[in-house]
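A.B. asks: Pasting a structure here, questions to come.
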Amino acid sequence: MYEVKVMADFAAAHNLRNFRGRCENLHGHNWKVEVTVRGDRLEESGVLVDFGEVKDALRKALHQLDHQYLNDLPFFQDKNPSSELIARFLFETLAAVVDGPHRRLHSVSAWESKDSCATYYGDR
């Protein structure tokens, strides 16, 4: 089994509705996102997936979130823009682009600080 990871970041504001604590107030983060792709076979070129292909897909997905008030985005209209659900949003956005014949998007982690992250693995 092979595993490839790419990382990128974005900045955004949000607040967690019906949350008991400081995060219920409007605040922001500089998120770091880690995308993991796994597969059992390499392409003829000797790579699982072109890093650039995954980075481009991630960059496009993050463009939807960067410098936004996440609560206003359609995906988060009826759910909190928590790190868990940001990871899920990105996973669902990236899976169709990243998956290939011998590789699958394995996970997306959304780091809201240097020591706190949430990871989504999908329902596969």
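Cβ atoms here come from the backbone N, Cα and C positions, even for glycine.
These came from TrEMBL, pasted as-is:
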type     : residues            : note
ACT_SITE : Cys23               : active site, proton acceptor
ACT_SITE : His67               : active site, charge relay system
ACT_SITE : Glu112              : active site, charge relay system
BINDING  : His14, His27, His29 : Zn(2+) binding site
A.B. asks: Taking the Cβ of His27 (Zn(2+) binding site) as the centre, count every other Cβ atom within 10 Å, in any protein chain shown.
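C.D. replies: Result for His27 (Zn(2+) binding site): 11 other Cβ atoms within 10 Å.
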A.B. asks: Any same-chain residues 6+ apart from His67 (active site, charge relay system) with CB under 8 Å of its CB? Would you list them in sequence order, or say none?
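C.D. replies: Spatial neighbours, sequence-distant, of His67 (active site, charge relay system): Phe10, Ala11, Ala12.
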A.B. asks: What Cα-Cα separation, expressed in whole Å, is found between Glu112 (active site, charge relay system) and His29 (Zn(2+) binding site)?
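C.D. replies: If we compare the Cα positions of Glu112 (active site, charge relay system) and His29 (Zn(2+) binding site), the gap is 6 Å.
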A.B. asks: Give me the CA-CA distance between His29 (Zn(2+) binding site) and Cys23 (active site, proton acceptor), in Å, as a whole number.
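C.D. replies: His29 (Zn(2+) binding site) and Cys23 (active site, proton acceptor) have their Cα atoms 11 Å apart.
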A.B. asks: If I restrict to non-local contacts, at least six residues apart, and a C-beta distance under 8 angstroms, what lies near the residue listed as 'active site, proton acceptor' in its own chain?
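C.D. replies: When sequence neighbours closer than 6 are ignored, the residue listed as 'active site, proton acceptor' has Asn15, Leu16 within Cβ distance under 8 Å.
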A.B. asks: In which DSSP state, out of helix, strand and coil, do we find His29 (Zn(2+) binding site)?
C.D. replies: strand
A.B. asks: Can you list the residues of the same chain, besides His14, His27, His29, whose Cβ falls within 8 Å of the Zn(2+) site's Cβ centroid?
C.D. replies: Ala12, Ala13, Asn15, Cys23, Leu26, Gly28, Leu70, Glu112
A.B. asks: Far apart in sequence but close in space: which same-chain residues, 6 or more away, have a Cβ under 8 Å from His14 (Zn(2+) binding site)?
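C.D. replies: Expected: Leu26, His27, Gly28, His29, Tyr69, Leu70, Asn71, Phe76, Asn80, Pro81.
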A.B. asks: Look up His67 (active site, charge relay system) in the DSSP assignment and report helix, strand or coil.
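C.D. replies: For His67 (active site, charge relay system) - judged by DSSP and reduced to three states - the answer is coil.
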A.B. asks: Can you tell me whether DSSP puts Cys23 (active site, proton acceptor) in helix, strand or coil?
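C.D. replies: Where Cys23 (active site, proton acceptor) sits, the three-state DSSP reduction gives helix.
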